[in-house]
Amino acid sequence: MGSLPPLQDLPSPPSIKPPRISETTLLNLFKSQQDHLNYFFQNLDLSQALSFTQTLLNSRGTIFFSGVGKSGFVANKISQTLVSLGIRSSFLSPLDALHGDIGALSSSDVIVLFSKSGSTEELLRLVPCVRAKGVYLISVTSVSSNALANACDMNVHLPLERELCPFDLAPVTSTAIQMVFGDTVAIALMGARNLTKEQYAANHPAGRIGKSLIFKVKDVMKKQDELPICKEGDLIMDQLVELTSKGCGCLLVIDDEYHLLGTFTDGDLRRTLKASGEAIFKLTVGEMCNREPRTIGSEAMAVEAMQKMESPPSPVQFLPVIDHQNTVIGIVTLHGLVSAGL
């Protein structure tokens, strides 16, 4: 039996270079997609788009969206956009609809069916069932004279030059124009319904936009036992614990009626120590505090507090919160605002 050759004598496997794409190739793809989208914009029938938008605006029921595959994802996303604008909308899976979910439909509803070809079997099976419920049917397709368009009450044709895919198969341009069309209509509905910024924010309470339009100073401020307070006659060195333990980086200097007299910060402490040395042991907070601090009211928007902190001549890390009688009722800190998601 022959012996195996030494390991070092075995031929090395051929090196495989990882695939790469050139900048020129990528740029050309973006330009091609831009051309395909321009074709859509230049050939869209605005009268169809207007009729579609007006129909959704006039709907007294729920606007349902449906589709299969990539078109289904687009339909679902557009439905979610309408919901975020306070418009009654929902996505209806064509498969689930045929197994009971069609019970959600009523004669006052509208259903929008997204399909590039207009020959999607699942949607064609759904049409007669939806029609039996008295629902108004709209198809959104990109192929002319298709079966789905002929079966619906209204059709919107989305002009498609071709897919960006080299085989003209992968739905990448067709879904892009579906999304552009649906989202543009959503914004048109937003404007027609006179949706205010505050109403929009109320539908997005967890997002930064919503928080900036909903949260007030009173919602994020520290109060009562959380406040780092002292009197103007208190010695600075006696208030070090109060200065450092409340996590505000300052002391709120008040009188017996809780009126704000000034503020003393950890920065003031460092400057006083540098300038006074051992004399700091005899200095009172009132002697070294800032008598004209920036303040804010509890009903102001939290985002306004952040803007005030960052305003010239120099940024600050906190704002005392006072009422109309200059009484301290809280403190809002930059850390607190950031922690709240603003």
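Every residue gets a Cβ built from N, Cα and C, even glycine.
Those TrEMBL annotations? Automatic predictions, nothing curated.
Per TrEMBL, domain 'SIS' is recorded for 52-195. Marked as domain 'CBS' by TrEMBL: 221-280, 289-342. The feature site 'Catalytically relevant' is assigned by TrEMBL to Lys70, Glu122, Glu163, His204.
A map of TrEMBL features onto the structure.
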residue: Lys70; record: site 'Catalytically relevant'; Cβ neighbours (10 Å): 16
residue: Glu122; record: site 'Catalytically relevant'; Cβ neighbours (10 Å): 18
residue: Glu163; record: site 'Catalytically relevant'; Cβ neighbours (10 Å): 19
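Look at the domain 'SIS' (52-195): DSSP puts its residues at 67 helix, 23 strand, 54 coil. On the backbone, the CA of Glu163 (site 'Catalytically relevant') and the CA of Glu122 (site 'Catalytically relevant') stand 23 Å apart. Between the alpha carbons (Cα) of Lys70 (site 'Catalytically relevant') and Glu122 (site 'Catalytically relevant') lies a span of roughly 14 Å.
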